[in-house]
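Remarks on the structure that follows.
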Amino acid sequence: GEAAAGTAEVRLSRRRWAVLLLFSGYSLCNAFQWIQYSSINNVFMGFYGVSAFAIDWLSMSYMLAYIPLLFPVAWLLDRKGLRLIALVGSALNALGAWVKLGSLKPHLFPVTVLGQVICSLAQVFILGMPSHIASVWFGSHEVSTACSIAVFGNQLGIAVGFLVPPVLVPNVENVEKLAYHISIMFFITAGVATALFILVVIVFKEKPLHPPSRAQALIQSRQTEEYSYVRSILRLLRNANFLLLMVTYGLNTGCFYALSTLLNRMVIHHYPGEEVNAGRIGLTIILSGMVGALISGIWLDRTKTYKWTTLVVYIMSLVGMIAYTFTLNLGHLWVVFVTAGVLGFFMTGYLPLGFEFAAELTYPESEGTSSGLLNVSAQIFGIAFTIGQGQIMDRFGTMAGNIFLCSFLFLGTVMTAFIKADLRRQRANLDNEQTVSKPRFNPGCAPATSSGRY
């Protein structure tokens, strides 16, 4: 395998950007459907006549579905490949959007639950893919940036989910008018999701003709029968550094999920009637986080300082959460926008860092498996934090609920400091490049060199 990897031609495919942007597109659409209910929580409560907790579960269904389905989907990814995963994920996303169109009456809340559950199944085929797509399609000097862009799409979907629903679905008392506004949002979503699925069928390919990096060439040169999915998981669970990262990633991302789900309730509590601004605050969190994610990816590609970058971003996430906690109730919305932006820049910017750090710590294991385990941790903590913070907010107020999240971010910061920077993927790229570029004596010939191109 190593000999084959050393002689394989390394070349970047032009199609890689189309694949990446298409993935980001249907990931965006799926993320939008995750948060579209929570961003106007009070409107859907009134329309369907259900409790706030019931609407929260429409968001938490995404988290709940991911936990039992990760391993079957990760196995399917390793056995059947990336294209099948893309087709199933985009198809389920479109199907869920169309099912929701059958829930435009107040007594049809179970139908909208069904549509959301189908979308949550689609998310299992989407959430763990960024690092895998980046590794399969992109070179070693752009892989972190590509992963950031892939995560960028999901975060942009959440941003649109905060911005668009309050605009398309105003808080009106007339049920028929409200149903009309909701139908517009559902029709647009279904149309976009269907168009993206058709593009996936036409454009999305399994992998490029040539491996984009030496590390990927080495993975592709392994014999299929040598790979055991179960043994791969067991190796990951014996990797102490990865286990630490899995817990710390879960704590940070779980806090983000809880904050996103409950944001509308928090803002409306302190600023009644400000549904649109609540959505804009959520938008600010996500947009600043997208900038943070992109900067993080570019920084990692240039410096490879995974451990220290991750630690600094985690510390700043804690600082941002503390600032947001103690400014939310001051009565000045502009201050909340500023602190929410700082929080989002670091907390959301952390997401691609976790994926890429895991890929480094666990190479040559499948990125789909390592990122999937990170996401399982995030979903478990996300459900626990959403329920816990919601209950604390109901009994003791929003500040107590946010302090609850701050305490877990502090714990995650301390644990991150103990992760060792065992950058296996970087070593594999360096070792293979040195091996194939080392002069070999050939009588009567010039020294042989690598034929790879970046």
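Placed from the backbone N, Cα and C atoms, the Cβ positions cover glycine too.
Look at TrEMBL and you will find 17-37, 57-77, 84-101, 107-128, 149-168, 180-204, 240-259, 279-299, 311-327, 333-353, 373-393, 399-419 tagged as transmembrane segment. Residues or ranges marked as domain 'Major facilitator superfamily (MFS) profile' in TrEMBL: 18-424. TrEMBL lists 434-454 with the feature region 'Disordered'.
Per-residue confidence over the domain 'Major facilitator superfamily (MFS) profile' (18-424) averages out at a pLDDT of 86. Sequence-distant contacts of the transmembrane segment (57-77), counting only residues of its own chain at least 6 positions beyond either end whose CB sits under 8 Å from a CB of the stretch, comprise 34-35, 37-38, 84-85, 112-113, 116-117, 119-121, 123-125, 127-128, 132, 229, 233, 257, 260-261, 366, 368-369, 372-373, 375-376, 378-380, 382-383, 386-387. Among residues of the same chain six or more beyond the transmembrane segment (107-128), those with a C-beta under 8 A of the stretch's C-beta atoms are 23, 26-27, 30, 33-34, 37, 48-50, 54, 58, 61-62, 64-66, 69-70, 73-74, 85-86, 88-93, 95-100, 154, 368, 371-372, 374-375. Beyond its flanks by at least six residues, the transmembrane segment (149-168) meets 20-21, 23-25, 27-36, 39-40, 43, 126-127, 129-131, 133-134, 181, 184-185, 188, 260, 263, 275-276, 278-283, 285-287, 289-290, 293-294, 297, 348, 351-352, 355 of its own chain at Cβ-Cβ distances under 8 Å. Within its own chain, the transmembrane segment (180-204) is flanked in space by residues 15, 18-19, 22-23, 25-26, 29, 32-33, 36, 47, 82-83, 86-87, 90-91, 93-94, 96-98, 100-101, 104, 164-165, 168-170, 172, which lie at least six positions past its ends and keep a Cβ under 8 Å from the stretch. Away from its own ends, the transmembrane segment (311-327) comes close to residues 248, 252, 255, 292, 296, 335-336, 338-340, 342-347, 349-350, 353, 399, 402-403, 405-406, 409-410, 412-413, 416-417 of its chain (Cβ-Cβ under 8 Å, at least six residues beyond either end). Relative to the transmembrane segment (333-353), the listed stretch 279-299 leads the set 17-37, 240-259, 279-299, 373-393 in CB pairs under 8 A. Within the chain carrying the transmembrane segment (240-259), a Cβ under 8 angstroms from the stretch's Cβ atoms is held by residues 59, 63, 285, 314, 317, 321, 347-348, 350-351, 354, 357-358, 361-362, 370, 373-382, 384-386, 388-389, 405, 408-409, 411-412, 415-416, 418-420, 422, all 6 or more beyond its ends.
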